[in-house]
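Each remark here refers to the structure printed beneath this line.
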Amino acid sequence: MTSHRKLILASQSPRRRELLAMTGIPFETASVEIDETFDPVLTAEENVMEISKQKAEAVLRSISADEACAVVLGSDTTVVLDGKPLGKPGDFDHAFDMLSTLQGRSHEVLTGFCILHNGKAITDYARTIVEIGPMTPREITRYIEVMKPFDKAGSYGIQDPLLACFVTGIDGCYYNVVGLPVSKVYAALKPLFPAEG
């Protein structure tokens, strides 16, 4: 019965948990470890959708047989500058280099998602254009030291207070940049959870 259907978010990201909670659909979370290396043969859009699917599949394989009818949501976000995905920084210097490159210009943020249920997959992605104004080396250093954006694609969190002074434009879904395109995900989940819609 649809009222007993379980939604599982294939992520421990606090940002994705907060965003999915906005839909009003009850859910659980499951941690997942997969190789998130981009396939150079695929486009950035294809990569975020494929990694999202791999995350959802990994969770689906790990759940018990009585939970096999669960709906599993996987998601992946990347920052793309001049056609090149930036991913998450490995250390301070990498984060500094990324932010130095992003400041003073616009870039794309892509978030892919995959919903698995009853052997079927719904995959999609959202694109948002973000413009970050000029930042001095001192401002970049302070941001990294205070916010520690090492778990964030592109080395920044758009919701971070210290970045607010530098975001000069957003074209597209703000929540997509945070980590989940809430309206697109809700539209895809709504038919599976009609009692919650």
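Keep in mind that glycine also has a Cβ here, set from the backbone N, Cα and C atoms.
Annotated features, as they stand in Swiss-Prot:
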type: ACT_SITE; residues: D76; note: active site, proton acceptor
type: SITE; residues: R15; note: site 'Important for substrate specificity'
type: SITE; residues: T77; note: site 'Important for substrate specificity'
type: SITE; residues: Q159; note: site 'Important for substrate specificity'
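Features recorded in Swiss-Prot, as mapped to the structure shown.
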residue	record	Cβ contacts under 8 Å, 6 or more apart
R15	site 'Important for substrate specificity'	G157, Q159, V178, G179, L180
D76	active site, proton acceptor	E36, N47, V48, M49, I51, S52, K55, T111, G112, F113
T77	site 'Important for substrate specificity'	V48, V109, L110, T111, G112, A153, N176, V177, G179
Per DSSP, three-state class assigned to Q159 (site 'Important for substrate specificity'): coil
Around the Cβ of Q159 (site 'Important for substrate specificity'), how many other Cβ atoms lie within 10 Å? Please give the count over every shown protein chain. 16
Under a three-state reduction of DSSP output, how is R15 (site 'Important for substrate specificity') classified: helix, strand, or coil? helix
